[in-house]
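Participant: Would you mind keeping the following structure in view while I ask a few things?
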Amino acid sequence: MTRLDSVERAVADIGAGKAVIVIDDEDRENEGDLIFAAEKATPELVAFMVRYTSGYLCVPLDGAVCDRLGLLPMYAVNQDKHGTAYTVTVDAKNGVGTGISASDRATTMRLLADPASVAEDFTRPGHVVPLRAKDGGVLRRPGHTEAAVDLARMAGLQPAGAICEIVSRKDEGSMAQTDELRVFADEHGLALITIADLIEWRRKHEKHIERVAEARIPTRRGEFRAIGYTSIYENVEHVALVRGEIAGPNSDGDDVLVRVHSECLTGDVFGSRRCDCGSQLDAAMAMVAREGRGVVLYMRGHEGRGIGLLHKLQTYQLQDAGDDTVDANLKLGLPADARDYGIGAQILVDLGVRSMRLLTNNPAKRVGLDGYGLHIIERVPLPVRANAENIRYLMTKRDRMGHDLTGLDDFHESVHLPGEFGGAL
């Protein structure tokens, strides 16, 4: 296993104007970025970064800073597969030459970090790429963008960093991997940490959810404890349906059966046959009830995979005209999946969950939660309830979104797919 340094050392080095290396999850980019605080940018630091990286230097910024400086998205519909929020490139208006030299880019970086800067201090386009970090940092999105802003803030500096991916010296056509990054860090006296470590540190020292209420809820699947939460950054309410003891005198929080369910008014409440959401929720509650211990976390704000109820209804119109669920979203200028699992991960941790068996057919959901320090020991498939109205939707989820759904090609209306729950479960 690769030796890593402490988050405390990385924060101290950032505060002292040094660079650090941050590695993300192996199921994500699986790359190491060189990171330093933008307000500490010097020609020497920038030259070092250019020499050992791809050279595509970016400056992650807090969202409020982006708004103050008028940094608009580079493209109206973000199609980056990791959701990196690129904005229009900039140069400092004064004090630079062409904008590309290490000295010029250091000047632009420091200006972006300066709380006194205004939009008119920059020319567009330029040679530095500002990135908009998610509010909540790595707890909301486990990316290098958020890691850079978090590290700067934790060091007591302005919420602005500088990042770029380190290139492999073994194979210059690819990015450096973990073992090579450790060697590089030791050669140059740099701290090496992971985003997972940063998430764990922030989770231990900060809290971004509030437990508000708890009540007994009898359901047709048995009795649950409904625990209500609000997310501090978004003021969105979420509910965890809990069965049995998750963590306590007789339980250690391990091996918990968990369903993280995205809100779906049409499917969960109205019983729409256009999706399988309602049947998945019912199946998850039944499976947790049968086990006698587990959590069904109902995530508000996830309607239509995060695009909202009214947009979802608009996509239904497009689907009736021939588009599939992915193309309908894209045609409206919306992402195929805009959901964020960071708050859900914090709720699970607050409930005492340490390791889980995750009820899902969506491998991406596993990746979305795994980066938050929650150990997923097994992905438990949910039964598929197909019908004539949702069969195309299910096939699209399988073929274009990577969902693990079997038996769809053999479907016809008179036959239930294997594993389908009946009402007696």
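Keep in mind that glycine also has a Cβ here, set from the backbone N, Cα and C atoms.
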Participant: Based on Swiss-Prot, name the residue from Gln280, Gln317, Gln346 that is recorded for the same GTP site as Arg259, Val260, His261, Ser262, Glu263, Glu303, Gly304, Arg305, Thr325, Thr360, Lys365.
Facilitator: Gln280
Participant: When you rank Arg259, Cys264, Cys275, Glu303, Arg305 by Cα distance to Asp33 (D-ribulose 5-phosphate binding site), which of the binding-site residues ends up on top as the closest?
Facilitator: Arg305
Participant: Check each residue in the chain of Cys277 (Zn(2+) binding site) that is at least six apart in sequence and keep those whose C-beta is under 8 Å from its C-beta; list them in sequence order.
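Facilitator: Same-chain residues close to Cys277 (Zn(2+) binding site) (Cβ under 8 Å, separated by 6 or more) are His261, Ser262, Cys264, Thr266, Gly267, Asp268.
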Participant: For Zn(2+), what surrounds Cys264, Cys275, Cys277 with a Cβ no more than 8 Å from their Cβ centroid?
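Facilitator: Once Cys264, Cys275, Cys277 are set aside, the remaining close residues are Ser262, Thr266, Gly267, Asp268, Ser272, Arg274, Asp276, Gly278, Gln280.
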Participant: Among the recorded positions Pro142, His144, Glu165, Cys275, Arg339, which ones place their C-alpha within 10 angstroms of the C-alpha of Glu303 (GTP binding site)?
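Facilitator: For Glu303 (GTP binding site), the recorded positions whose Cα atoms are within 10 Å come to Arg339.
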